[in-house]
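Peer 1: Pasting in a structure now, in structure tokens, and then I'll have a few things to ask.
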Amino acid sequence: MKSIGSPVKVGKMDATSYSSIASEFGVRGYPTIKLLKGDLAYNYRGPRTKDDIIEFAHRVSGALIRPLPSQQMFEHMQKRHRVFFVYIGGESPLKEKYIDAASELIVYTYFFSASEEVVPEYVTLKEMPAVLVFKDETYFVYDEYEDGDLSSWINRERFQNYLAMDGFLLYELGDTGKLVAIAVIDEKNTSVEHTRLKSIIQEVARDYRDLFHRDFQFGHMDGNDYINTLLMDELTVPTVVVLNTSNQQYFLLDRQIKNVEDMVQFINNILDGIVEAQGGDSIWQRLKRIVFDAKSTIVSIFKSSPLMGCFLFGLPLGVISIMCYGIYTADPDGGYIEERYEVSKSENENQEHIEESKEQQEPSSGGSVVPTVQEPKDVLEKKKD
């Protein structure tokens with residue numbers, strides 16, 4: 001930042017030592033990256049790379065709405081940015097809404113303003129003022145009646161129509177409310193089937209953008225690991241899956257995709273409600289998710305470190321097994337055994353008492369016989385028992 005002449009200062013803070021400041025800024029995880037501008041704190045939610053962080057700092061630290069004074073500047077912005085928004089016109093209520101949306105969404109994309117003379121000749125505007133998004137080598141005009149709230153429209157249109165998907169992007173797309181059509185492939189596999197599905201999705205995104213761009217986002221994903229976790233199922237690669245990231249529903253193919261027309265028909269069937277949605281965020285699905293996550297965690301622990309897995313799960317199971325064994329083998333007749341022990345002890349004492357009595361009654365000189373002392377009846381009964 002210093003080498004490119006940026007006014008942004010870069011620092012770090014140990015939130016465990018300054019917990020009050022961390023609470024003030026709503027820090028809930030580490031690392032958290034924020035840009036402070038005046039009284040506002042902007043959260044960084046993009047990829048954790050140096051270039052992306054610098055781009056974020058440059059975008060947020062500058063003017064909220066950047067003016068485009070000439071066609072040359074306009075063309076330069078088109079070459080530099082894959083997606084950007086432009087307000088065309090003078091002061092109006094629409095511009096106020098545009099400024100409000102920019103203050104909220106500047107963390108994601110760039111916002112510009114220009115006069116009608118600066119706009120390229122291929123742009124056709126039915127009315128003024130207008131808000132446009134330039135992306136995918138074309139443009140789309142905001143229509144309040146069809147697109148609804150301006151801020152929501154900008155949030156939906158801030159992505160290119162076709163993307164290389166990953167977990168982070170799918171999380172971000174959850175805020176757009178769009179369905180995401182993904183070709184799940186193995187990019188290392190150069191077979192016809194893998195490349196064909198990817199090409200079909202790209203063609204649909206390009207040739208049917210006017211028809212589907214309001215409802216669908218298109219892309220491909222390398223490998224099925226993340227999708228399997230999301231769907232709690234095992235998908236065969238290559239395939240196509242349509243995700244509703246806002247409510248965790250998904251749609252699987254109801255036909256074999258041989259060409260673009262098959263894919264378009266599949267999308268239309270989803271929009272018409274013919275294809276049944278699976279998954280969701282119901283209570284049953286949440287319970288299923290908990291079980292699946294627990295199972296996945298256990299499996300991953302044993303795969304990465306079998307000894308650690310045996311220790312973490314074997315030790316508690318061993319202790320529980322010992323406890324259960326002790327409870328199961330406990331003698332339910334313990335009181336009867338104790339009673340028999342008391343009776344046996346009493347018999348020994350009586351026997352000793354009788355023998356002492358015999359010794360005391362024997363004369364010191366022989367010749368006389370001492371009558372035998374009869375043992376008590378209860379003692380005899382106890383001996384018999």
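Cβ atoms are placed via backbone N, Cα and C, with glycine included.
What TrEMBL says about a protein is an automatic prediction, not a curated fact.
Quick paste from TrEMBL:
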DOMAIN    7-57  domain 'Thioredoxin'
COMPBIAS  342-361  compositional bias 'Basic and acidic residues'
REGION    342-385  region 'Disordered'
COMPBIAS  375-385  compositional bias 'Basic and acidic residues'
Peer 1: I'd like to know the mean pLDDT over the domain 'Thioredoxin' (7-57).
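Peer 2: Summarising the domain 'Thioredoxin' (7-57) by its mean pLDDT gives 89.
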Peer 1: What is the three-state DSSP composition of the domain 'Thioredoxin' (7-57), stated as helix, strand and coil residue counts?
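Peer 2: Helix, strand and coil residues of the domain 'Thioredoxin' (7-57) number 14 helix, 8 strand, 29 coil.
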